């Protein structure tokens, strides 16, 4: 059996048990007890007139058992009146028919609830022993309920499932809800007050207690009684509806009293300090209050405060014993001071109507001025003040036109910042600065020059009428911060500052000393400024050959200039360089000395002459000065020799002393200059004994005589050789000039030679043939044979001849014999001008008187001639080419010999006779060689011709450029084998003349600086060592493209930033600018080459950005330069007007979105004027060209029309929504050409459409006159909505739409350009009604915009 079945069984059981118990307990003869049991479900549907007796329960719904007990008293056993009184005391006066007693028992686990209601009829006597019987009944019912509860628990435990009750339950009538159905009588037993079959007819309660008449169940009571059953006594006038009637007496409500509650009661019975009059206390003197319980305050606190204990507690904004005085502002403080304004702040109550600010200079005769601000302001900025003045400032609070006592302060404005600072003249040690004068009085100026490193500085003060100053004594090349400050008493203005750098000073007192032919030593005093390098330039005066430039590192103050051209005029200058700045140069000129002749040598020598030859000086000298003397210095001789045409010059010194060593010095002479001499020592040959003659001869002796040798000698040596061939010698003292040879062979021919000797030096011999006895000239002797001359000697004839005849001719040309007549004393002759390699026939004839002897004949062949015109070319480090002209005579080959002039072996090479040039190889670099050349035929060799040559230096190798940047490159090379004094680097680019750089010989690298970016360079290099230079090597390189410089971000706002840079030095095509944010977004822009800035727009707020910039040229890109910045955030994320846009940093006028009430869903595009009178204006109307028709209907004016960037009307709905956000002010700007006017109103609003968009404006200010106040409070009118008060339709009449009244003083939406009366765009107080204003703008902004903007600026400053 289910739960529903269990519930039905329980219900039936309980009903049955209740009926049985109640029936068995109540006696019918006494009171009748009716018990009704009703089971209902909670939350069941209520029926009209009562509750249904039975409803079928569902499984989930709780079950409620209602037990109703009606105790009826038979009519024939009505109780007496005494009983009735007793009964009335037991029942409540509120009960109508029955006294009810209710009880309830619940079982929450099974959701079964038992309720019991026992009804006793009113005014009935109690049943006999009713209290005891009822108590017993209740006890048994409780026992029954407990048993049923136990039974339910058992059934819930499935103990009754087999015997659960089943069957159909009948419907029990509900007796109209005013009775219970009785099973005994099978009918309704009605409740008290009801009767009828279904208990549906009412009885009057208690029969109206016999104090009234029952009409349709309702009692109509007698006049003294009341109540539903007329059982209550009536109170007088029903307590006047101000109290409760209890047993006929009024219990009055507060604050009423009296029998009928008509009188008012006084509070606290007036505290004994007054009397009550109709509820109001009339207090005694000195007391006040509703209950007269308070002490009276002075003047009743003037109605501006509360009286507490006799003292006034004033309302906000008032003070004083009787609250009659306005409280002054508190805590007056200076928030900011400038030269022409003072910003004040104070604390004040909200009740203040306005504040009056009074200010006056403390100086005698100062004008007192006032300024008024609204009472909700807590600060003000006083403007248009005089700089450097002290002002007495008083601030008054005003309430209802009553001024408070002032709060005061004494504040001095700052001196104005000097303006127009500029520099007129800048030198190494002076700077002339000037600035603009002030228009007000002050004491003077202070000018300071402070070095950037803050070390030292100078300060000067000048009178106030001076506006320029020349500061001297500054350091050259120093950067100074220049400050100009105005002074007045103890006050100082803010400085105006600028930086200036003095010109770097150059080197001074340049001096050239120790000038030689190729070297000069340059000295200077270095500059005082810090410089990057010293630039030394020198070159020939006149510009020939260009200028050589050296970069020298400071603090170098001297330099040796080398490789100069001898005897030349040079100009040298030195200057200092720092960055791109070059100082003035110090310049001087000098002339190099003439170089001495080189390679001085003796070509040939005799006893009385020396043939000298030397290499010409490099200088263009005119002549040479030859000075010579014996080593003893007895006498100096001087001779001037013109410069030879060729590479050498020759000179012959004659009349010398034979056998004497001479010191020779040769100096080059040019104009008045003379070089140092080239010197050498040379010795003349010993003088031969001359005029050797045979004075006598015998069979065994020969007597000789000669002329004494003129030079110093030790002795003479006589050699005599007979024809037999055995030579003999004899030494003769030097003072002898004759000698007789004895013990000779008789009849023999002797060859006798006499030589002078000194030490190991021997003179040429003097030879003579002699005969012992009579002997003729026997034969000729040939010596000193050359290619063009020969020396011939012979013996003396015996006896001596009168004269001698010498004949000679080539063998093949004997018919052309040449004859030479000789003195008889001659014993030798020299034949000159002979042909080389030619056999000559020579005969000698002695003439004795008229007798001619037989000729003595001999032959001699001249030597072969040497090659001519030897030259050197193609000199390299290890080879030279020798060239020459061939000799005349035939020969077999050439022999080329060469050896170092210092120490080294002699090498030779054989060259065929068919060539005239030969390359000598395998030489040492940078070495001087002596090269000789002669021709060879058989065993015969010609004379040698010689020359000197220096082999070239070895080249440096592997020249490369590395570490290349836009302005620098590192040159590296490998040194040559030989010693290097210096390297010379010539740097060229394009067609520009090269720059020469000198590098020390020990270096193998050099850094080039200050190069031009993106430029192709050629670096050529060679080594030098003294006069020698190596071959050149070169390399090419290109500098990189230099990047833009000084990349900066400025004017950073929430969504934009200005990016600027300095362009690279190189020519470029464009820039590539990339910017990226921290969220990973990236954007690349191509920027024209001529641009140096770009404004980035549309950036994200509060975002870090990195900007990368490169320059580009063709396919070449520079390195990247970068910067970073962070965009700002919005003060107002969703601006609701243009003022908030302005405070967000949007300073450009234009179209912006606003969000009404800050809601994103109420977005509106408006035009913002960010410049007029502090900006922040929403423009809602503009007329400027007549292109837009303003004669429109209501619907257009409601939603708006036109272009917000041209002519437009924003719309009445939009204007209303904007002005509903807070207090706004209105400004109307009007222009006619150059003439302008405006009108402003400190309040502006437009009501909604239900109020026809009525206009509300405040107080006027401006220059146009107040023409709009006439329209105050007027609704808007269009041609189809006439809301004006005029007889006609103003909008129709004047072709516009406006807040017309009758009709207008201003008509800003009238017809454009219409000048007829009142038809155009009018503003009466400016241009009248017969002028149409060409330009009009209507705009609004929050009333407190100035204050908010000022506070925002202040917060940004702090």
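Positions of Cβ are set from backbone N, Cα and C atoms, glycine also.
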Check your understanding: According to Swiss-Prot, which stretch among 65-95, 96-126, 127-157 corresponds to the feature coiled coil?
Key -> 127-157
Practice item. Check the candidates 963, 1046 against Swiss-Prot and report the one noted as N-linked glycosylation site. Key: 1046
Study note, to complete from the structure: In the three-state DSSP scheme, residue 724 (phosphoserine) belongs to coil
**Study point:** Residue with minimal Cβ packing [other Cβ atoms within 10 Å] among the glycosylation sites 180, 392, 581, 1036
**Key:** 1036
Practice item. Residue list, the domain 'EGF-like 3' (250-261) vs rest of chain: Cβ under 8 Å, 6 or more residues beyond ends. Key: 235-237, 239-240, 242-244, 267, 279
Review point. Nearest to residue 198 (N-linked glycosylation site) by Cα distance: which of the glycosylation sites 180, 791, 1046, 1261 is it?
Key: 180
Review point. If one measures from the C-alpha of residue 392 (N-linked glycosylation site) to the C-alpha of residue 176 (O-linked glycosylation site), what distance in angstrom results, rounded to a whole number?
Key: 96
Study note, to complete from the structure: CB neighbours within 10 A of residue 198 (N-linked glycosylation site), counting all protein chains shown, number 18
Revision key, fill the gap. The predicted model's mean pLDDT over the domain 'Fibronectin type-III 9' (1043-1130) is 90
Study note, to complete from the structure: disulfide-bonded residues considered: 292, 297, 323; fewest surrounding Cβ atoms within 10 Å belongs to 297
Practice item. Report the DSSP secondary-structure composition of the domain 'EGF-like 2' (219-230) as helix, strand and coil residue counts. Key: 0 helix, 5 strand, 7 coil
Study note, to complete from the structure: Cβ density check for residue 874 (N-linked glycosylation site), other Cβ within 10 Å (all protein chains) comes to 12
Review point. What's the CA to CA span in angstrom from residue 176 (O-linked glycosylation site) over to residue 724 (phosphoserine)?
Key: 208
Review point. Judged by the number of other CB atoms within 10 angstroms, which among 271, 302, 724 is the least packed of the recorded positions?
Key: 724
